[in-house]
Each structure stands twice: as structure tokens, then as C-alpha cells.
Amino acid sequence: MLKFYSMSVQFSPLPIQIFIERKRGERIPSGKSDHAKVRETLRLFNSHYLHLVQEEETRCARVVEDKKKSKGSKSKKEKQCARVVENKKKSKASKSKMIETKTVLFPDKRIGNIPGIDVGHQFYSRAEMVVVGFHSHWLNGIDYMGQAYSKGEYSTYTFPIAVAIVLSGMYEDDLDNADDVIYTGQGGHNLTGDKRQIKDQVLERGNLALKNCVDQGVPVRVVRGHESRSSYCGKVYTYDGLYKVVQYWAEKGISGFTVFKFRLKRLEGQPLLTTKQVQFSFGRVPQSLAEIQGLVCEDITDYKYLKSIQPANNVKLPSSAGGCDCVGRCVDPKTCACARLNGSDFPYVHRDGGRLIEAKDVVYECGPGCGCGPECVNRTSQKGLKYRFEVFRTPKKGWAVRSWDFIPSGAPICEYTGILRRTEDVDSVSGNDYIFDIDCLQTMKGLGGRERRSRDASESEITSSEKHEVSESTPEFCIDAGFSGNIARFINHSCGPNLFVQCVLHAHHDMKLARVMLFAADNIPPLQELTYDYGYALDSVLGPDGKVKQVPCYCGAADCKKRLY
């Protein structure tokens, strides 16, 4: 459901080319900003995670199929599959994969802030903190530098030295008053989950590291973990800034055992605490809003809302393509014809209602010619809007879009809808500031400066779509959302976007007429503006007089080019 906050519309000029995601396992370019490096590292982690989810879902699907054939009682493997959604091991395995491949962003520990991670940054698992180098242990509360760091720039310090702590309610003696924290040292508590202390703590390892912070005035990073249904691990961890460890002492704890206490005070001059601000997003939607998902409330701009593409009178859609013979849901990629078109695997996982594992040249979904039903995972982008979106007004960018809900990486956002036109006709159409080129083939061939994705589409399908010569710069068809469309037309450009564009085929297999879908590139917290890269090259747009047009960019990203084109 959508909400409008203002009365007028400010368009951003298009056409838009497809934004390309980095391939899994590819190194992050060193020339990028620290914020971009953090973003790309977490995307790589999410890619590893979703591939592991896919492997697990495939294995469990085979177990279920075998069970149908044999009519025995539930096997141990089948019981494990029933619990797979709650399994956190894939997060740990993804972290281990990145350590093995040396793709952890900052493998060496450091004192103070981590470049590219601002106060308020949210992590959706402990493993995410590990892969960016924020906190190097997926379980311990205190991260510290040992004697190995006693040379070089840290040679004057006494080790160990604490660099980061996690406040997540693991100890019964913790006291958290936001800017003033009493933190209980590590060790001696019951690991079964009741948080009780069962033996005395010792002044060693992390406890000694915090004591040395008191003696040497070294600040530590503080991250708070809180329960959240957004995270697959059950908690979200928010970075709340640097704290100075000002005091420590030993005392008898609630359970009668000796515990070490550390008093921390938040350093002044930092942004306000943000840990609790996200709770606003879980507020109830006002009854005055429409209760139908995908319905935009009335808007005085005479804008017509379209849930799907509407062809112009002179555009004829191709006939329906043949499909798979699967029944109910597509399960086995070895026998599913649609999976074979996707490189012999399904592009989505079932997790969170369907998530795209990684960006592809083109995604082949099941269509009207397939035997499977609407619950098939390979129809993920056809299921309509899943999240509560708000269209709101910004000071410099006109309209913008944000979600009231958490959106996981790979989740479908919406299709870019409007009037499907021939590109040669758009000059005669008034109000055509919102033109999206369907340049799937040009992207796959790397034409016009477009960055290619990994070639994962069927070679025969590519060949059949190339019967006519492909223009290097001008695709044959485009989507005109000037006066008809959906929320996609209100989503702004960013040089550091959190969405990406994906071509999708399902009713037919003509790439020149592929559906244009937007997917989440990152885990997106509630109320964060949704953006994608419009794909302009600088100095690529000419005005009626033949001169280069220039439009400033107000995205505010760390890597902002300062110009849209």
C-alpha cells in the first residue's frame, strides 16, 4: 500500500540503462570509497549466504520427493529439513568462506571507527560484523587486539587492548543506560541460555583488554543487539559509536560469583543514538490508507496507476512461450525446462517469500505455458507488492520512495510499468521524461559502454533473440511512465544505490521486450529511501540544440559523481 505526502510531481529525466551488480567472488575495486567497499563486501556475504540457502533447499526438496516415493515414517533428514528456516549455520559458513578466500574487508583489527561504517549502521548477523572487520568474533562479546599487534603503529601500547564490544543482554549483571553503560566482563556464565553466572570471572583475555583501555584511555566501538523479526538470526545489531572505558571493578554478581564490571561513557560530538528509532516502522498503518497492496491513493497529477505493462497500439506482444512440465511447484532443476534456461538452476530461493540469489543477464520465470502453480518459487516477481511503500517529498529530489518494512537483499521490489512503446515513437509523445530503455540484449553484448553480467542465459535463447541486428545505443523498445505507471517512476537515482535492475521473462522469451524488475541489492532497513543507478554516462545526453545537457545529482552518496549526466 502506498501513501502520498505532497501535491506536485518533479520528474527526473531518463532513459535509464540497466545497473549491473558485481559478480560473486569478484574483488572490490580499490578506487571505491570506504562506504562502497562496505556495501560491496556485505553484498558478497549475502550472495554466499543465498547460495548456501539454495543448496539446502535443493537437498531438502530431494528428501521430500524421496519421502513421497517411500511411504515410511519421517526420517532424520526430513526432520532436519523442517527446521532449515531457523538454521543459523549458513551465516557462519558464509563468514568462513570469506575468511578462506581473503575477502574480509578489514582483516586487521584497528582502534576507533571503521572506515565506511557510520553510527547507526545496522548489521543483521554477527557474521556480517566479522566480514567487514568491525568485530572479529561471531560469538564473544569483547573483541580485542593481542600481542601480535605490539609492533609498528601500536608499539607504545600495552596489550591486549579491546576494540569493540557487543551489548545484547547475554549477562544478567549488564546495565545499559544509553550514554552510560555498566558492562559485565566475559566468562563464567551459563551458555544454555538463562544468562546465569556459574563461576567466577578472571582478569584475562577480553576482561584484561578492557582494563588496559581504562589505563590507556583507548575508546571502544559499542554495538547493541536487539530482538528483531527482520533478521534471519533473530537480532539486529546497531553501531552506536565510540565509548571510553572510564572505570572497572570486581564484585559479587547476582548469582554470587565474582564478575568484573566496566563503566563506559559515550564520547561527545557523535550522532544521536539510533538503536531504538527503527521501532517507528512497526507502527500501525493509518486506516485512511487504501488496504489493497499496489494501489496508489488519489493524486491530483492525473497519474494513472498500472500494475502491469500496457502495450501501445502499434506494439504487439509475442505469443506465449512453451514451459516446463512440473506439477504444483518446480522442485528439481535437472528436470525443469525453465531451470535449464537459467543455467540449470533456479534463480530464486524460497526464503522470505522468494529472493533472487544474484543478478543475472536475464531471469527466466515460469509462465502461462508451465504446469506449475502460482506458489512456484520461479514465479517470484509475478506475485505483486510485498511491502508497505510510502511515496514522500524530498527537499531537492522531488518525489521519493521508502518502505515501512525491512527488505532483505534479493527481494523483489516492483516492476517498472508504463506504456510499452517503440523507441522511435517516444519523441512524438508529450510528457516523456520517464522513459526506460529495455536494453537487455545490449547489456548482454556489452554494447554502448554497458557492463556485461556473467553469461548465464541459454545460448539458443540468445541466438533466437538476435535474428535482427542489435543497435549499439538505441534499444528497439522502451517503457514510457510519463503519465501511467507505478511506484517505480518515483524511485530516485543514486550513485550508491540499494536496488538493482533485472530483466525478467515469463510469458514470452523475446529479450527485446523483457520485463524490467527492481530488486533489493542490500538488506534495507525501514524508512531508508529506495534508489537505483539510472546508468547515465557523463556528457551522454544532448539537448535539442545538440549541446551536452548537464543535470546535478543530489543523491548524497559517498561516491556521488555530482552530476546525473
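For all residues, glycine too, the Cβ spot is worked out from N, Cα and C.
Whatever TrEMBL says is automated annotation, not expert-curated.
In TrEMBL this protein carries:
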type     : residues : note
COMPBIAS : 78-88    : compositional bias 'Basic and acidic residues'
DOMAIN   : 112-266  : domain 'YDG'
DOMAIN   : 322-384  : domain 'Pre-SET'
DOMAIN   : 549-565  : domain 'Post-SET'
Original post:
So what pLDDT does the domain 'Post-SET' (549-565) average out to?
Top reply: 91
Subject >> DSSP-derived helix, strand and coil totals, residue by residue, for the domain 'Pre-SET' (322-384) >> reply: 14 helix, 8 strand, 41 coil
Original post:
Under DSSP, the domain 'Post-SET' (549-565) has how many residues in helix, strand and coil?
Top reply: 0 helix, 2 strand, 15 coil
